[in-house]
Each structure stands twice: as structure tokens, then as C-alpha cells.
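Input: a single structure, listed below in C-alpha cells.
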Amino acid sequence: MAHSTTGRRTSSHRGRGGTVLAAVVATAVLGACGGVEVRDGSDEEPAATGEPAEGSSGPLELAVLPKAVGHEFWNTVRAGAECAAELAGDVTVEWDGVTAETDVEGQVNLVQNFVTRQVDGIVYAATDSTALAPATQGALDAGIPVAMIDSGTDPQPEDVPLYATDNRAAAVEAANLLAEELGAGEHEVALIEFQPGSQTNTERVEGFTEGLAQHDNLTLVGQQPSHSDVNEARRVTEDILTANPNLAGIFAANEPSVLGAAQAVEAAGRSGEIVIIGWDAAPDEVAGLRSGQISALVVQNPFNMGYLGVKNMVEHLREGTPLESADTGVTFLTQENVDTEEAQAILEPSCDNPPVG
Amino acid sequence: MTTVDHTADVPARPGDWVRERLSNALSEFTAAAALVVLFVVLSFASPHFLTADNLFNIGAQTAVIAIIATAQTMVIITKGIDLSVGSVAALAGVVGAITVRDLGFSIWAATAVAIAVGGVAGLVNGLLVTVARIPPFIATLGTMSAARGLVFIITGAVGVYGLPESFQLLGNGEILGIPFAVVLTAVVAVGVAFLLSQTRFGQYTYAMGSNLEAARRSGIPVGRHLTAIYVLAGLLVGLGGMIAASRVNSGQPNYGIALELDVIAAAVIGGASLFGGQGRIIGTLIGAFLIALVRNGAVLLDISIHYQMVIVGLIIWAAVYFDQYRRRRLESRG
């Protein structure tokens with residue numbers, strides 16, 4: 001779901017980013033003044049000097065757009081965004097999105113509509129990295145700063161940050177974790193991917209195989225996709241188990257894949273015997289973790305995506321802080337740490353105990 | 001679906017009826033031969049293929065597709081098509097799961113509810129086709145979208161989890177060592193095969209598919225009968241959706257996307273004709289198992305999903321080509 005390389009890239013351009021930023025903010029302010037509606041008299045002065053709009057503490061209206069509305073993951077992003085808005089004060093979050101992550105054109109239109117509406121900033125997750133690149137550029141051209149969450153664009157403009165999970169790095173860690181759980185000796189492992197061709201899937205698969213390459217005692221004997229369908233995940237896992245009676249470990253790369261794999265292992269009567277490393281933390285996955293069916297879960301931090309996106313955008317608009325990408329981090333959930341306060345903050349995020357920083 | 005009627009004179013002469021039966025048997029024979037060949041090849045290619053566990057797995061994996069393909073075959077025989085099966089199966093599955101989780105229903109009561117949900121969707125399809133006179137392709141395309149939307153509305157696009165162990169009975173239970181899902185498939189297949197081949201209901205179904213106008217003129221209450229077929233198909237889709245949910249112990253809002261393609265493929269490989277009037281349940285079962293064997297074999301031999309899809313496509317082409325070739329030869333002889 002996320003982009004992984006931009007974080008490193010942006011930080012190396014810190015100095016230049018500031019200059020570009022100043023220019024962008026200047027454009028933004030000029031754009032606002034040039035329009036029919038003059039919104040804030042205080043904008044004029046920094047515009048003339050080309051400096052960031054420092055200290056403009058008036059009300060801000062931010063558009064925060066998920067890939068699609070209605071999913072638990074995005075609801076958590078929303079909670080994080082609204083939390084940051086509440087803490088900053090006087091910030092309105094306009095939460096809006098298309099209904100299916102495949103509705104790329106719908107999201108392009110949506111971004112354009114918010115540009116037309118002249119919101120102060122746009123924080124969003126691109127449904128398609130290439131198709132949304134012009135939409136991001138369009139917002140910048142209109143003087144509206146943009147921050148990406150979860151998934152960036154390609155190309156990603158230098159002054160547009162990305163707050164996302166580093167899928168590749170986390171998947172490398174998942175491979176290490178699998179190796180650790182299995183211990184010494186030769187072991188056969190399998191990979192249940194979800195949507196071949198999608199960027200997130202590719203990053204997790206590549207990260208996992210990259211990690212696997214560092215462990216000579218692990219052999220990948222099966223790799224099949226679930227198409228994010230639990231039934232299909234179960235079917236392919238059953239068949240992989242049939243073909244490889246010595247299978248010792250499975251890495252399943254998203255929620256439906258994990259659930260299907262765990263079902264298949266359970267049905268084969270080999271629960272607890274086969275190590276399953278999963279991704280995401282749906283209630284049944286966490287239950288599987290507690291019962292020992294699943295050894296560990298890679299859990300992203302969608303709350304932090306929304307939180308950082310809005311927090312940094314507000315600081316950028318009010319204080320001129322440059323926008324810089326950040327890895328929103330993952331937590332490796334195990335039976336041992338699932339009940340700790342830190343894990344619970346990730347699983348049941350709330351603004352009282354935000355899983356950030 | 002179309003106004004071109006290729007089989008307008010089929011029911012008129014008794015000789016044609018015999019030829020029709022023969023032609024059905026031939027296309028089934030082709031598919032069955034392919035199934036046997038694949039079975040033998042896989043038995044040699046993978047030491048794990050020919051084991052009781054794997055064969056039961058294949059049976060349970062194929063159950064849902066086989067049951068829903070049976071429903072699809074009935075509809076296809078009437079010259080119709082049902083594109084809504086995947087969405088309706090998902091709707092039935094999540095509603096069934098919700099009744100267990102939130103209302104404390106037993107698995108049996110939930111299954112009854114799921115079957116009823118399928119039946120209602122089938123009734124909607126049937127009325128759209130017979131009363132509103134919308135072509136089946138379009139009517140069920142609408143239902144496909146609407147039912148999927150309802151699934152998302154009901155679930156908030158989040159899976160229905162937290163179900164008791166008993167929920168898995170349909171999908172994971174066993175009777176005398178045989179997966180319950182396989183037993184259900186057998187019961188459904190035998191029942192529908194009997195209905196189609198031994199009853200007046202079945203005769204009407206084939207007659208309407210061959211020539212709707214002739215069927216109407218000969219006094220068959222086509223509207224009511226066609227509606228009944230969509231309802232019956234819907235009931236089976238509801239059952240299939242419930243088995244699918246039970247297999248994964250949860251109601252999945254994304255279940256069954258593109259399922260209609262699998263079940264139509266199974267029916268067509270088994271000899272059903274989209275021009276109506278032709279198709280038998282035994283053929284559809286063979287088609288469903290042929291597809292299932294390809295998938296099972298591909299995973300056993302660790303062949304990429306991309307090749308699996310190409311292989312299924314080739315089988316569809318080959319099945320329909322051989323079918324038509326044999327029919328043409330048969331007809332030119334007659």
C-alpha cells in the first residue's frame with residue numbers, strides 16, 4: 001500500500017527542499033491573492049518577500065483523501081488525521097474519497113475538485129502512482145501544498161512528502177523473523193502473496209525474497225496469490241501443504257492471505273507446528289496470534305499516517321516548516337507483546353493514547 | 001440473450017431429440033476424457049496428488065463452484081445467464097455470518113437465511129427478466145452491482161469475524177470421513193439432474209431454451225416457469241455462499257468477485273450452450289472439476305497463477321471448439 005524509496009531520497013535534499021518550498025508557498029499565497037476571493041489579509045506580506053507564510057494562525061481547511069472510504073484501515077487513517085487536527089486547533093479536516101480503490105479516475109476528479117475549492121492543503125493516498133501524478137502537480141501549480149500518505153505518486157515531486165509504511169524493509173524483517181522462529185536447520189517455506197502486479201504486493205514480495213536470500217537454510221518451495229480472497233488463500237495453502245509435506249513456515253502478505261493460510265494449516269491439523277508470519281491485524285488475525293496459530297504479525301500504523309500528514313501540513317502552513325517524508329513504521333506483534341500498552345495503542349488507536357512519535 | 005435462434009426446429013422432430021441427447025453425451029465425453037487425462041498426468045507428475053487428503057481437498061475446494069455452476073447451468077439452459085452469482089453468494093455469506101454473530105442464530109438457521117437471501121435475489125432476477133423484460137445479461141449485471149453494494153453497506157466493507165466454531169460445519173465438517181461440502185454438492189447435483197432430466201419442470205426448461213415462442217404457444221407458462229428457475233438458482237447460490245463463508249469461518253465482503261466467470265466456464269466446458277436448450281449437470285460437474293484439477297495441479301507443481309489462467313482459457317477454447325466440431329459432424333450426417 002505504500003511507497004518505500006521516497007523517504008530516503010527526500011531527506012538528502014533537505015537544503016534544496018527549503019528553497020523549493022518557499023517558492024511553492026509564495027505561489028500558493030500569490031494564487032490565493034490573485035483569485036476573486038481574498039481570504040486573509042496577512043497573506044500579502046510574505047508573498048511579496050517570498051518567505052514562508054509564517055505565523056498565519058487562522059483557520060485551516062485540509063482535504064484528507066483515502067484511497068477509498070469504508071475500510072477499517074482508512075478509518076484508522078481518518079482517526080489519526082482528525083486527532084492531529086484537534087490537537088493543532090482550528091483545523092477542519094474534509095474527509096472524502098471514492099468508494100473503490102480501483103476508481104482511479106474518480107480520485108483524480110476529487111483532487112481537482114478540492115483544488116478548485118481552494119482548500120489550504122491536500123493530504124491524500126494515491127490509488128495509482130502514475131495516474132495521480134498530474135493531479136498532485138495540478139494542486140502544486142494552483143499553490144496548494146500536498147502531502148501523500150500510504151501511497152505516493154511516480155514521479156513524486158520533491159516538495160511533496162510521503163508518510164507511509166516502508167513495505168520492503170518490513171517484509172525483509174518478516175523474513176528474518178521467520179528464520180528466527182524456525183531456528184537452525186534446513187526449512188521449507190511458502191509465500192502467499194495477494195495481488196500480483198500491485199505496487200504494495202510487489203514491494204512485500206521483493207522484500208521477503210530479499211530477506212530470505214540472507215538465510216541459506218530457508219528454501220522457498222511455493223508462492224501463490226490469494227487475490228485478497230480468504231477462500232482462495234485457503235485453497236492455495238492447502239495445495240501447497242499437500243505438495244510440500246515438510247513445509248515449516250509461511251509468510252502471508254495481507255489480511256485475507258493470513259486468514260486463509262491459517263485456516264488451511266488448522267484444517268490440515270498442523271496448527272502451531274507450522275510457523276505463520278502474517279501482515280495486518282484484523283480481529284481474527286489477533287485471535288490467531290493469541291491462540292498460537294500465527295507466530296507474528298507485521299502491523300502498520302495507519303493512524304500515524306493520517307496524524308503525520310495533517311500535523312506536518314499544519315506546521316508547514318502555519319510556521320513554514322518544510323515537509324519531509326517519514327516512515328510511519330511497523331510493529332511486529334507476537335504472543336508476548338500483544339497485550340503491552342504499545343501494541344494496544346496500535347491495535348486500538350485513539351487520540352488519548354496516540355501511537356505516534 | 002439474442003434473437004437469432006439456432007435451434008428453432010429442435011423439439012419438432014423426434015429424430016432431432018435423439019441427436020441432441022447424443023450430442024450432449026459427446027461433449028460430456030470430451031470433457032470427461034480431458035479430466036481423466038489430466039488426472040492421470042497429475043498422478044504421475046506429483047507424488048502428492050493421488051492421496052486421500054488431496055482428493056478430499058479438491059472435493060471441498062470445488063464444492064462451492066460446483067453448486068453455483070449447477071445453478072448457472074439451469075439458467076444457461078433457458079438461454080439466460082446469471083452474472084450476479086458472485087455478489088449474491090457474498091451477500092448470502094455475510095448475512096448468514098451476521099445472523100450468527102449478532103443474532104445468535106444456529107448454523108442451520110443461518111444457512112436457511114442465507115439460502116433465502118439467494119432466493120430473493122433470484123426472484124428479483126426472475127422478475128426483471130420476465131416482468132420487466134430486461135435481457136438476462138443486463139438484469140443480472142444490475143443485480144451483480146446492487147448486491148455487491150448491499151454487501152459493502154451491511155458490512156461497512158469489513159469482514160464479519162468472531163464466529164463460533166460451529167459456523168465451520170458446512171465448509172469444514174465431515175460425515176463418515178467425507179467432507180460435508182462434498183456431500184452437499186452431491187445432493188444438489190443429483191437433485192437438480194433429476195429435476196432437469198426426469199420431470200416436466202426439466203422438459204419445460206429445455207423447451208424454453210430451445211425455442212421460447214414455441215414453448216409459449218404449446219401452453220407452457222413461460223413467465224412463471226422462468227422466474228421459478230431464477231429463484232431456484234438463487235437458492236443454490238445462497239447455499240454456495242454460505243458454504244464459502246463457513247469454509248473460512250467469516251463473512252467476506254470481497255468474496256466471489258469474478259466467480260461468475262468460473263461457473264460459466266464450468267458449464268460451457270461441460271457442454272452447456274449459451275444459445276440455450278443444451279447442457280446437463282453431469283457435464284457441468286466435469287467442467288468444474290477440470291478447472292479445479294488445473295488449479296490444484298498448478299499449485300502442487302508450483303506453477304505461477306499467470307499460467308493457470310492461460311491454461312483455463314485454453315481449455316475453454318478447446319472444449320467449445322471440439323463441442324461445435326462434433327455437433328457439426330453429427331448434424332451433417334443426420
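Positions of Cβ are set from backbone N, Cα and C atoms, glycine also.
Quick look at what TrEMBL annotates:
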| type | residues | note |
| --- | --- | --- |
| TRANSMEM | B:29-49 | transmembrane segment |
| TRANSMEM | B:55-76 | transmembrane segment |
| TRANSMEM | B:83-100 | transmembrane segment |
| TRANSMEM | B:106-129 | transmembrane segment |
| TRANSMEM | B:141-163 | transmembrane segment |
| TRANSMEM | B:175-196 | transmembrane segment |
| TRANSMEM | B:226-245 | transmembrane segment |
| TRANSMEM | B:257-275 | transmembrane segment |
| TRANSMEM | B:282-299 | transmembrane segment |
| TRANSMEM | B:305-322 | transmembrane segment |
Contact yes or no, the transmembrane segment (B:83-100) and the transmembrane segment (B:226-245), 3+ Cβ pairs under 8 Å, gap 6+: yes
The transmembrane segment (B:226-245) and the transmembrane segment (B:175-196) contact flag, 3+ Cβ pairs under 8 angstroms: yes
Best-contacting stretch, by C-beta pairs under 8 Å, relative to the transmembrane segment (B:257-275) and drawn from B:55-76, B:141-163, B:175-196: B:55-76
Distant-in-sequence neighbours of the transmembrane segment (B:141-163), which means Cβ under 8 A and at least six residues beyond its ends: 83-84, 86-88, 90-91, 94-95, 97-98, 100-101, 121, 124-125, 128, 134, 249-253, 257, 260
For the transmembrane segment (B:29-49): best-contacting stretch of B:106-129, B:175-196, B:282-299, B:305-322, by Cβ pairs under 8 Å: B:282-299
Long-range neighbours of the transmembrane segment (B:305-322), counting only residues six or more past its ends (CB under 8 A): 27, 30-31, 34, 265, 268-270, 287, 290-291, 294-295, 298
Cβ-Cβ under 8 Å with the transmembrane segment (B:282-299): same-chain residues at least 6 beyond its ends: 24, 27-28, 31-32, 34-35, 38-39, 41-42, 45-46, 49, 54, 57-58, 61-62, 65-66, 69-70, 72-73, 189, 193, 262-263, 265-272, 305, 307-308, 311-312, 315, 319
Cβ contacts under 8 Å made by the transmembrane segment (B:175-196) with residues that lie 6+ beyond its boundaries: 56, 59-60, 62-64, 66-67, 70, 73-74, 77, 169, 202, 205-206, 236, 239, 243, 247, 280-282, 285
Intrachain residues whose Cβ lies under 8 Å of the transmembrane segment (B:106-129), provided they are six or more past its termini: 80, 82, 84, 88-89, 91-93, 95-97, 99-100, 135-136, 139-140, 142-143, 147, 166-167, 169-170, 226-242, 245-246
